[in-house]
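This is the structure, below, for whatever I ask next.
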Amino acid sequence: MTAAFPTPPELAGHPYFQYRNNVLYAEDVPLDHLAHGLGTPLYVYSRAALKGAWETYRSAIGQRPVLVCYGMKANSNLAVLKEFARLGAGFDIVSGGELKRALAVGAEPSKIVFSGVGKQAWEMRAALAAQVKCFNVESEAELHRLSDVAEELGVRAPVSLRVNPDVDAQTHPYISTGLKENKFGIAIESALDVYRVAQSLPGLDIVGVDCHIGSQLTDISPYFDALEKLLDLIDALDQEGIRIAHLDLGGGLGIRYTDETPPSPQALLDRVFERLNARGQGHLHLVLEPGRSLVGNAGVLLTTVQYLKHAEARNFAIVDAAMNDLLRPALYEAFHGVQPLRPRAGDQVEYDIVGPVCESADWLARQRKLAIQQGDVLAVESAGAYSMAMASNYNTRARAAEVMVDGANYHVVRQRETLDDLLRGESTLP
Ligand SMILES: *Cc1c(COP(=O)(O)O)cnc(C)c1O
């Protein structure tokens, strides 16, 4: 008799996570080794996958004037940031905390852009002191505050306005940001007026135009709907003597979670430069702020099956990771592939993969056919972006550890929280 190994499942577009002899590996490290040694839930990232994703941008850019500012809210672990800093990335930050992280890994301030709809004065001061490349300003009120803060410090703040071009990014409503009803940006119709205000303020230097229309875009056309409107605006500004040095198209390129076929950086950039040249704006420098597409498929979340529960309507695999570890399914009904680290022969059963948190929204995947047993370890795929970064301590659950694999080596890049960590800082009344 020959051993009846099942055919290893296909992982959705993750060349750095592959089965060898029926065991799932990250690069050259068998993942069950990490799960058993370090415990679960455990986030595992691949250094080669980060480099590979960066390379898709670098090679697409060639000699063209494009600055890639990693949208670091997707995954702000210092080891991830350091890797991108070493590769020459800039950073798109959305808080004073993210500025601190970027500076901690030696990011070049001249490659940092500061986005976000609610910047506070202390955050502006810190970013001005660091001499960041640009503030992406989202309202007239913010322009006034920024000008005041800059004047106090005796400097001028470089600004772009984040324009809301009112285009439908055709993505999940919670990650669509470029429509009129979103809180983000300045409506395209008022942008010219608000630029005039910016020009009149003593503490500001206008340097760019910015937009970010949404996330997990799998179609390229919304970018071009936005681009034409932004180029019209840049022409109008030019007429008034307001010269724009760079155009920031934000982030948003999607990744493959299951069967999506998102556009490549090459496809995006080729068409953007074609349009810039066709419209006589070839001198513009471009800024991109990709987050998900640089890290999303560079990570998996390992979780152990605690119980199998066969209810009348459903079968449940209750695992040790939960919505506090990976919120995307609860928040966006997001799809993540789930695969066993060691596939078993035998009949597959349809399971909902759920966590121990006391919420019906606490699920990681639904109706997945798996042959699994209690104690098996599963890999939740595509967990490099908006995963650990959104983790919380709900239900007084310690946040997972994070590991970066590098060839046959691995490094713990964030220790598992302890329960003492969770109680620290709290006190009771005397
Ligand atoms: C979140 C965000 C990004 C990154 O978006 P991705 O979809 O992860 O590429 C870029 N710019 C801004 C302003 C953002 O808010």
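Any Cβ shown, glycine's included, is placed from N, Cα and C.
From TrEMBL, for reference:
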type	residues	note
DOMAIN	43-384	domain 'Orn/DAP/Arg decarboxylase 2 C-terminal'
DOMAIN	50-295	domain 'Orn/DAP/Arg decarboxylase 2 N-terminal'
MOD_RES	K73	N6-(pyridoxal phosphate)lysine
BINDING	G252, E289, P290, G291, R292, Y386	pyridoxal 5'-phosphate binding site
BINDING	R292, R328, Y332, E359, Y386	substrate binding site
ACT_SITE	C358	active site, proton donor
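Tell me about the surroundings of these features in the structure.
Within the model, the domain 'Orn/DAP/Arg decarboxylase 2 C-terminal' (43-384) carries an average pLDDT of 96.
K73 (N6-(pyridoxal phosphate)lysine): 20 other CB atoms within 10 A of its CB, across all protein chains.
For G252 (pyridoxal 5'-phosphate binding site), the same-chain residues that are 6 or more apart in sequence and have a Cβ closer than 8 Å to its Cβ are A169, H212, I213, G214, S215, Q216, L217, Y223, P290, R292.
Residue density at Y386 (pyridoxal 5'-phosphate binding site): 23 other Cβ atoms are found within 10 A of its Cβ, drawing on all protein chains shown.
A coil conformation is recorded for C358 (active site, proton donor) in the three-state DSSP classification, outside any helix or strand.
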Which recorded positions, if any, among R328, C358, E359 have a Cβ under 6 Å from ligand 1, given in order along the chain?
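Cβ under 6 Å from ligand 1: none.
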Please report the Cα separation of C358 (active site, proton donor) and Y386 (pyridoxal 5'-phosphate binding site) in Å, rounded to an integer.
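Between the Cα atoms of C358 (active site, proton donor) and Y386 (pyridoxal 5'-phosphate binding site), the distance comes to 22 Å.
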Roughly how many Å lie between the Cα atoms of E289 (pyridoxal 5'-phosphate binding site) and K73 (N6-(pyridoxal phosphate)lysine), rounded to a whole value?
11
Please report the number of other Cβ atoms within 10 Å of the Cβ of Y332 (substrate binding site).
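Within a 10 Å radius of the Cβ of Y332 (substrate binding site) lie 16 other Cβ atoms.
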Between the Cα atoms of E359 (substrate binding site) and Y386 (pyridoxal 5'-phosphate binding site), find the distance and write it as a whole number of Å.
20
I'd like to know which of the recorded positions K73, R328, Y332 sit within 10 A of G291 (pyridoxal 5'-phosphate binding site) at the Cα level.
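K73, listed in sequence order.
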